[in-house]
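Have a look at this one.
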C-alpha cells in the first residue's frame, strides 16, 4: 500500500514537472536567481545526480521504488509479534514454552456422567 502511494506521488510529480516545463511563463532574472540559490542548499551528491540526468529514467524510478518497498517488509515481523502479545494479554495467560501439556489428574477433573 505504501509503495503504491509512493509510486503515485512520484508519477504525479514527474507529470507535473513535464507539463510545467511546457507551460512555464517567462520569469525575471530575480526569480531565476532565487531558484538557483534554493538548489545550492541541496547536498552535493544529490546536485551531481540532478545535473547529470536531465530526464527521469525509468530504471532510476524502479530502483527507488524497489528500495522503498523493502523497508515495510523488514518491520512486519515485529508488528506480528506485538499483535500476538496483545491478544495473549487479552486472554490473560501466556505459555513460556509452546505446546507443553500440563499434567492433568483425572481425579480432579469434574465428570458429567458416562457417555454411551
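Every residue gets a Cβ built from N, Cα and C, even glycine.
According to Swiss-Prot, the protein has these features:
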type: SIGNAL; residues: 1-20; note: signal peptide
type: MOD_RES; residues: 91; note: methionine amide
type: REGION; residues: 92-116; note: region 'Disordered'
Validating a neighbour-count step here. Other CB atoms within 10 A of the CB of the residue listed as 'methionine amide': how many?
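Excluding its own Cβ, the residue listed as 'methionine amide' sees 7 Cβ atoms within 10 Å.
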In which DSSP state, out of helix, strand and coil, do we find the residue listed as 'methionine amide'?
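For the residue listed as 'methionine amide' - judged by DSSP and reduced to three states - the answer is helix.
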